[in-house]
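First comes the structure, then the notes that go with it.
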Ligand SMILES: O=C(CO)COP(=O)(O)O
């Protein structure tokens, strides 16, 4: 059985004060959740959020990481820096980073390896554009992205990775993939993992859906056999909404 994992990607939202207030509201609401609960605030909020969630069931993730250990990389943050703060997860290869910040399959692969080497759990994002979906190449494209992201990893490490399937056209648009489409594409991602790393790893790797997932559609998406959780943008910015997604089963 794969334990569901629901993570909030706050993107570039919340000051430190706002982050503390949101987490304080969230802690009692999600304390009995059956899934793993993660929040991914901006870098500057990480110390305060890590401190605030101590002793609770909420894990903390960053939204990006550099692949080098240290050095002349102005503006970047190394895996060790996150680890020493008490951060457990890191989102890697979000489509916004691929689109606006020149993230490539190659840098995504390097970042995943660096994160794993430092004991951070990568949340690796893959997903097709609207054009690719309309061309009918969604499954091939996400399989390719997945194989490129995980290239050269040990099977044991792949088992620790979380994959997030986020169709680009569904992010922040209010358009969600139908539960069946999301399930089918996630099935294709799982087959890609199985092809390279074997059935055991393919069957155990957790794959989230992301893209306008919210209190209204969470239950239906989570009922799909291939969907092991969610990566939530807009609906993770309000405690009330994120609570309803995390507690989709109540
Ligand atoms: O990109 C996302 C999470 O990483 C999804 O964002 P929305 O939930 O706002 O569509």
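Quick reminder: no glycine exception, Cβ is built from N, Cα and C everywhere.
Over in TrEMBL, the protein carries these features:
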- 94: active site, electrophile (ACT_SITE)
- 166: active site, proton acceptor (ACT_SITE)
- 9, 10, 11, 172, 212, 233, 234: substrate binding site (BINDING)
Of all the binding-site residues given, 9, 212, which has the fewest Cβ neighbours within 10 Å once its own Cβ is left out?
212
Whose Cβ lies within 8 Å of the mean position of the Cβ atoms of 9, 10, 11, 172, 212, 233, 234, the substrate site, other than those residues?
171, 232, 235, 236, 237
Could you check which of these recorded positions, 10, 166, 172, 212, 233, 234, sit within 10 Å of residue 94 (active site, electrophile), going Cα to Cα?
166
Using CB under 6 Å from any atom of ligand 1, narrow the binding-site residues 9, 10, 172, 233 to the ones that qualify.
9, 172, 233
Secondary structure at residue 234 (substrate binding site) (DSSP, helix/strand/coil)?
helix
Neighbour count, 10 Å Cβ-Cβ cut-off, for residue 172 (substrate binding site): what number do you get?
12
